[in-house]
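**Q** Once you've had a glance at the structure underneath, I'll fire off some questions.
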Amino acid sequence: MANDTATSASGSREKMAEGDKNAEKLKEMANNCFKEKDYDNAIKYYTEALELNPASAIYFSNRSLAYLRTECYGYALADATKCLEIDKNYIKGYYRRATSNMSLGKFKAALKDYETVVRVRPNDKDAKMKYQECNKIVKQKAFERAIASDEIKKSVVDSLDIENMMIEDEYTGPKLEEGKVTMTFMKEMMECFKDQKKLHRKCAYQILIQVKELLSKLPSLIEITLKETEKITICGDTHGQFYDLLNIFELNGLPSETNPYLFNGDFVDRGSFSLEVILTLFGFKLLLPDSFYLLREVSMLLPDSFYLLRGNHETDNMNQMYGFEGEVKAKYTTPMFTLFSEVFQWLPLAQCINGKVLVMHGGLFSEDGVMLDDLRKIDRNRQPPDSGPMCDLLWSDPQPQNGRSVSKRGVSCQFGPDVTERFLEQNNLDYIVRSHEVKAEGYEVTHSGKCITVFSAPNYCDQMANKGAYIHLRGSDLKPEFHQFTAVPHPNVKPMAYANSLMQMGMM
């Protein structure tokens with residue numbers, strides 16, 4: 001009997017050793033995928049390794065970093081936390097958790113982990129620098145809260161004297177014609193940006209002031225009707241990839257009254273030509289504005305040519321972390337970034353085409369029963385809340401299984417095919433179009449054709465090797481036609497060049 005027990009114990013140890021050996025092989029496969037920037041397969045192999053050895057802090061830490069690279073910040077945070085539960089002395093776990101919290105705008109929680117690292121490694125210069133940088137952000141946020149009041153916040157516009165802002169004689173770039181955007185100006189501005197030259201600050205301010213006034217008159221839900229002979233082009237995230245934006249116009253034609261576009265949020269951040277992207281898009285918005293009228297107390301939009309919806313990156317927290325704030329301050333001034341922030345708050349949140357197709361940046365809602373009329377009523381002139389329909393429109397993602405689950409991003413939710421089906425049925429819609437997620441082919445059709453994702457930033461961040469795509473929708477049948485394209489060369493300025501230094505280092 002004792003002999004049988006010994007034999008059984010010995011076999012169990014051998015099985016465990018074999019499992020650990022196989023887990024290490026899977027970890028090496030995952031590491032190789034990570035080096036090749038194949039993050040999805042890296043996550044797959046780390047997950048398989050964890051199934052064989054669920055007590056490895058290293059595996060959880062490594063998978064956390066892979067999740068960070070794929071912007072699954074909620075999952076990254078959970079893995080880093082699990083890593084530290086297994087081994088509270090594993091320093092990389094604190095770094096991973098801090099980076100996850102930073103990505104989610106949870107700066108105080110990130111500071112706690114940097115404090116821990118500094119305490120354990122007092123002579124670590126890198127840890128000390130990250131702690132100081134994070135501490136600076138926490139203090140800045142506290143200061144902003146302290147000076148905030150219930151009074152109506154004054155606009156930057158009130159402090160600008162545009163009329164007396166001089167354009168120097170040596171400036172040879174494009175200028176607005178009698179203060180107005182023209183197609184000639186747009187072509188000259190895009191050429192100027194292509195040559196890595198700056199638009200004069202007076203012209204940039206003129207565009208921002210005019211587009212703020214225009215956007216503030218629009219509803220939160222834009223509603224348009226395409227005639228049978230008309231089509232619209234829907235583009236997803238562009239993320240500061242200006243040269244790829246130019247390529248879209250090269251392939252699909254410049255925006256015009258007969259070639260309308262809808263850009264579905266996330267114009268800025270990550271890519272280091274975000275200013276060039278957003279000024280170009282705002283310029284076309286002014287050139288081809290919505291015809292908005294109040295008729296018998298009912299808001300109506302006449303069919304027009306250029307539409308912009310807000311993404312989760314048209315927000316202060318994201319801009320602070322992922323580069324747009326730093327880029328505007330580097331190329332222009334702090335007041336200009338503040339004005340961009342004001343303008344972003346007026347971007348509409350969703351668009352309904354022919355009463356049948358709903359377009360939004362993120363996706364559907366954390367609760368059932370949301371109707372189109374609820375979207376019309378959203379007071380959007382603010383930074384997004386942490387929950388509710390406005391948050392969901394900017395942040396949520398689809399999932400293959402029915403029901404809802406906790407978001408991989410740590411914000412909003414994930415929604416299944418049944419959620420999509422119910423929402424469409426309740427609102428008499430055919431399908432939704434959203435963006436928000438990089439896709440290998442530039443687009444993806446899920447939920448039995450009722451949830452379409454489009455992403456227009458090819459080779460995202462110079463590392464994902466994905467295609468970009470845009471969609472043609474025709475009024476005759478509203479059937480989506482997908483057009484793919486690949487990345488084009490750009491000047492040697494790396495993505496995230498203007499991002500918060502903590503984000504740049506935390507992703508390494």
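Placed from the backbone N, Cα and C atoms, the Cβ positions cover glycine too.
Unlike curated entries, TrEMBL annotations are predicted automatically.
The structure displayed is predicted, hence computed values, not measured ones.
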**Q** Select from 1-21, 379-399, 400-420 the stretch of residues annotated by TrEMBL as region 'Disordered'.
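**A** Region 'Disordered', as annotated by TrEMBL, spans 1-21.
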**Q** By a Cβ-Cβ criterion of under 8 Å, what residues six or more beyond either terminus of the repeat 'TPR' (23-56) are in contact with it?
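**A** Beyond its ends, the repeat 'TPR' (23-56) has Cβ neighbours at 62-63, 65-67, 69-70, 86, 463-465.
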**Q** Are there any residues at least 6 positions away along the chain from His313 (active site, proton donor/acceptor) with a Cβ closer than 8 Å to its Cβ? List them or say none.
**A** His239, Gly265, Asp266, Phe267, Val268, Asp269, Asn319, Tyr322, Phe324
